[in-house]
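Asks: Pasting a structure here, questions to come.
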Amino acid sequence: MSANRGEFSSRFGFIMAAAGSAVGLGNIWGFPTQTASNGGAAFVLAYLVLAFCLAYPAFMAELVIGRYGRANAVASLKKMSNKKWQHQFAFIIGFGGILCAALILSFYGIIAGWMMSYTLEPITTLIGINEASKWLTSQSTVPSLIFTTLFMGLTIYIIRSGVENGIEKWSKRLMPMLILLLICLIIYVMTLEGASEGLNAYLNPDFSKLIEPQLLISALGQAFFSLSLGTSVMIIYGSYISKKENLVTLGAQVTLIDVSIAFLAGLLVIPAMYVAQAQGLQIFSAEGNLISGPDLVFTILPSLFNGMGFIGSFVALAFFALMSIAALTSSISMLEAPVSYVVERFNLPRNKATLITSLLILSISILIILNMDSLFGFVVTLATEYGQPIIGMFCCIFIGWIWHRSKIIEELKQGYEELEQGLFWKIWPWYIKFICPLCISFVFLNSVL
Ligand code: PHE
């Protein structure tokens, strides 16, 4: 481990970077979509509770591992191990998480590439090059290959500059832009006919849905994906936090931002769908559910924007720019996980490590694009439904059962002297030992069996 491995220069820098990782397509696309297909506000409520009660404690486990280890995920976990089997376990979890981040990036980059091409489309429409517009939104092989590569190029550009000049600098620029764009879009959509009906559908809870196991499973899965858990991303971001900072509050602030932006995205996307309905578009499937998934983002919303004429082009541009920015601040965190490992494990310069790692990931993306029907769903399921919960759960087990309580206290007390008097310390150790592993395994088994 090199001494000059980098650190976030400020609290704000860390919050923006970690919130940047957390806030992504999962919030702006995934959350509203899940809400739409799981009974509206009942899902929002379940999500809020699970995000704070289960995902936040697991998130804290990853941050603590990283800040204690001050190294990549594998090395940090190994530092906490004494026995041989613990070292092997540490390697499996750390490396598994890194692999998971790489796999997520390989499909995330493709979707982000589509977001970029949809951002350019309104410009070609305004200029009047209709052929180009069609090509940009075709999602066929060639544009997918080009835009995935372009998106990866942007991710590489940021990551090769390191923690402070890359991740932190860009997160500090992009996150405020994202929030501003989101708020402007919400305000605009609220002025349109049909929006209030959408607001009603979003905020009126159907409490009978709360007892459906599917709702809880989806809400926890969504919270895990959204907080980037089980991918070692938060371990590595934790390793760049100064020992002077209070981890407990930092973690809570990031969770709060993540949940709030998901909530705001719902205020945009669901009313926008009802505006689309008011304009004659079909927004319900044959079974009577709100259309979700790719059709929502790549068909209904673009048709809505198209129907708005000149102003619609600007709205479309703002919407897809918002999506692309959200994706970029997340993808840099996914690339940082393997890059930091390669730099520290093989003692390579950052530039070289970034290039090698991202070329490997890009090759997987290309394979997926060329075998979309068979590979895309497989990689998504493998990484998000298996990898993330299993690794996230093992991180909790590592902290709860393998690491010494006195060491955890020592680590958390740095930046938070009064730790033992606060509510967090009264609850968290139990959570991490029993409740998180049990709930995560229950939800996991339920979803895969
Ligand atoms: N949290 C990101 C989102 O919501 C996705 C992500 C998953 C980022 C795993 C990093 C690691 O889109």
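Every residue gets a Cβ built from N, Cα and C, even glycine.
When I checked TrEMBL for this same protein, it listed these features:
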TRANSMEM  12-32  transmembrane segment
TRANSMEM  44-68  transmembrane segment
TRANSMEM  89-111  transmembrane segment
TRANSMEM  144-163  transmembrane segment
TRANSMEM  175-195  transmembrane segment
TRANSMEM  215-238  transmembrane segment
TRANSMEM  250-274  transmembrane segment
TRANSMEM  310-335  transmembrane segment
TRANSMEM  355-380  transmembrane segment
TRANSMEM  386-403  transmembrane segment
TRANSMEM  423-445  transmembrane segment
Asks: Pairs of Cβ atoms less than 8 Å apart decide it: which stretch in 12-32, 89-111, 310-335 has the most with the transmembrane segment (144-163)?
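Replies: Stretch with the highest Cβ contact count: 310-335.
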Asks: State, in range form, which of 12-32, 215-238, 310-335, 355-380, 423-445 has the highest count of Cβ pairs under 8 Å to the transmembrane segment (250-274).
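Replies: Per the Cβ under 8 Å count, 12-32.
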Asks: Go through 12-32, 44-68, 89-111 and flag the stretch with the largest number of C-beta pairs under 8 Å relative to the transmembrane segment (386-403).
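Replies: When the Cβ pairs under 8 Å are tallied, 89-111 comes out ahead.
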Asks: Cβ pairs under 8 Å with the transmembrane segment (12-32): which stretch of 44-68, 89-111, 215-238, 355-380 has the most?
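Replies: By the under-8 Å Cβ criterion, the transmembrane segment (12-32) pairs most with 215-238.
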Asks: Sequence gap of 6 or more, Cβ distance under 8 Å, 3 or more pairs: do the transmembrane segment (44-68) and the transmembrane segment (175-195) meet that?
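Replies: Contact absent: fewer than 3 Cβ pairs fall under 8 Å.
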Asks: Can you tell me which of 89-111, 175-195, 215-238, 310-335 gets the most C-beta pairs within less than 8 Å of the transmembrane segment (355-380)?
Replies: 89-111
